[in-house]
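Enquirer: I have a structure I would like to understand better, so I am pasting it below and will then ask my questions one at a time.
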Amino acid sequence: MAIQHPTSPTADVQESGQSVYKWIIVGIATLCLLFGFGANITVTVFINPLEQEFEWSRTAVSSAYSILAVGAAIGGILWGMVSDRLGSKPVAFFGATSLSVSFILLSYQNNLLVIYVLYFFIGFCGFACLFAPILALTGRWFNRGRGLAIGIVTAGGTIGQGGVPYLVQLWIDQQGWREASFQMGIMYAVALLLPLILLKEPNTTPLVEENPAAEAPPEGWAVPHRVSLAWLSMAGVFCCVCMAVPLIHLVPLGISICLSPGQAAELLVVLMASGTVGRIFFGFVADRIGGLPAYLMASFLQSGFVFWFTQTEDLPTLFLISLLFGFSFSGVMTGLLISTSEAVPRKMAGLAVGLVSAFGWFGMGIGASMGGYLFDIFGNYSWSFGASALLGMTNVSIVAALYFYVDGHCGRTHT
């Protein structure tokens, strides 16, 4: 079932006139998600140096990510609404500046509470400004091939989730975590602020003005928005709990089984490199079968692979599991975002993506803390990753039910 709607010839003419610039937007959006997601995942490489310097528990340190996720959730709704009204460009500039300043300030901290506050602002004022507004902007530039475009942009997130922590781990090994954090702040200012100058909205002329007799193509699924968004939001919680455990705890898991910090970080790099391919692949698939079926497929694969991280200490096998999990988990977010954009009219895209993403970030926060909490109780990661798999299958059940619900309504609409 492909829950999609045809585009009009007029829309295609408008799109062809901007065919070059829309790919510039994709490039800038990819850069934004690369550095946005990269900032979020830095917690995973700061866990061990912060534990060693301050003797904090793993639950305490990994909870910084949970607090970041709360900030990203709240900020996603707020900045999604703001960008629908003011445009994405000023919001993105504010987000890039916030990330740079936050990491510079982080390098001077000794207090866990202050570190929590800074990671909250990294999520609320930094990442949230570069996520829902930028994805909504990308979607507005495309009438056809939106799935592939969003797949490419979200692939930037997986590159950042693998590349940024790996780079920061190298800096930590050479200079310590404080200097690494300071250098991150400078890098973010240099890498993001100049490209954001090129952001702009597409030149969209209402179809009704050009041809008053023409009927605009329908937008959204054949179900009320409040129903589809509520269902997608619930699914987002469980799928993100599932993925958060390996994303935040894979490096500490590797170190706990006597891998070097560099080898453990390489597992994350492989996972994210595979995820880059997966994001593009599932975006391509979504253009052909619809966002919701693609989301269901990726969710099933993610839930099936996650527990196997704890069942081996063999490095080549861990690399293989990282490869398989990375490919599948990456399609989960891509499928969820495409499903959300398909479910609502374009004028609601920023708010809808922000709302569904907010619930996803609550799930990410729960997963990060749950992984650390169960590790502190049992002394290993088997329970953490087992719970992750169980909650992932809960998400599969929710998405499957939504698929048949929407399919049934679409069938009644066309009869």
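The backbone N, Cα and C atoms fix where each Cβ goes, glycine too.
Pulled the feature table from TrEMBL, pasting it below:
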type     : residues : note
TRANSMEM : 23-47    : transmembrane segment
DOMAIN   : 24-412   : domain 'Major facilitator superfamily (MFS) profile'
TRANSMEM : 59-79    : transmembrane segment
TRANSMEM : 91-108   : transmembrane segment
TRANSMEM : 114-136  : transmembrane segment
TRANSMEM : 148-168  : transmembrane segment
TRANSMEM : 180-199  : transmembrane segment
TRANSMEM : 229-255  : transmembrane segment
TRANSMEM : 267-285  : transmembrane segment
TRANSMEM : 292-311  : transmembrane segment
TRANSMEM : 317-338  : transmembrane segment
TRANSMEM : 350-375  : transmembrane segment
TRANSMEM : 381-406  : transmembrane segment
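Mind mapping these onto the model and telling me what they sit next to?
Expert: Panel annotation: around the transmembrane segment (114-136), residues 29, 32-33, 35-37, 39-40, 43, 50, 63-65, 67-76, 78-80, 82-84, 88, 91-92, 94-96, 98-99, 102-103, 105-106, 150, 153-154, 337, 341, 349-350, 353-354, 357, 361 of the same chain, lying at least six beyond its termini, place a Cβ under 8 Å from a Cβ of the stretch.
Remote same-chain partners of the transmembrane segment (148-168), defined as residues 6 or more beyond its termini with a Cβ less than 8 Å from a stretch Cβ, comprise 22, 26, 29-42, 44-45, 134-135, 138-139, 141-142, 180-181, 184, 247, 251, 265-266, 268-273, 275-284, 286-287, 326, 330, 333-334, 337-338, 341.
Long-range contacts of the transmembrane segment (180-199) within its own chain (CB-CB distance under 8 A, at least 6 residues past either end) are made by residues 24-25, 27-28, 31-32, 35, 39, 42, 46, 88-89, 92-93, 96-97, 99-107, 137, 164, 168, 171-172.
Panel annotation: around the transmembrane segment (292-311), residues 1-3, 147, 235, 239, 242-243, 245-246, 250, 253, 278, 282, 285-286, 318, 321-322, 324-325, 327-332, 334-336, 338-339, 342, 380-382, 384-386, 388-389, 392-393, 395-396, 399-400, 402-403, 406 of the same chain, lying at least six beyond its termini, place a Cβ under 8 Å from a Cβ of the stretch.
Here the transmembrane segment (317-338) has long-range neighbours at 135, 146-147, 150-151, 154-155, 157-158, 232, 235-236, 239, 243, 246-247, 250, 254, 266-268, 270-279, 281-283, 285-286, 291-292, 294-299, 301-302, 304-306, 308-309, 353, 356-357, 360, meaning same-chain residues at least 6 beyond its ends whose C-beta is under 8 angstroms from one of its own.
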Enquirer: State the residues, same chain only, that lie 6 or more residues beyond the ends of the transmembrane segment (350-375) and have a CB under 8 A from a CB inside it; answer 'none' if no residue qualifies.
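Expert: Distant Cβ neighbours of the transmembrane segment (350-375) are 43, 57-59, 61-63, 65-70, 72-74, 76-81, 83-84, 88, 123, 128, 131-133, 135-136, 225, 229, 232-234, 236-245, 247-249, 252, 333, 336-337, 340-341, 343-344, 381, 383-385, 387-388, 391.
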Enquirer: Checking distant contacts: for the transmembrane segment (59-79), what same-chain residues at least six beyond its ends satisfy Cβ-Cβ under 8 A?
Expert: 40, 43-44, 46-47, 50-51, 91, 95, 112, 115-116, 119-125, 127-129, 131-133, 244, 248-249, 351, 353-355, 357-366, 368-369, 371-373, 375-376
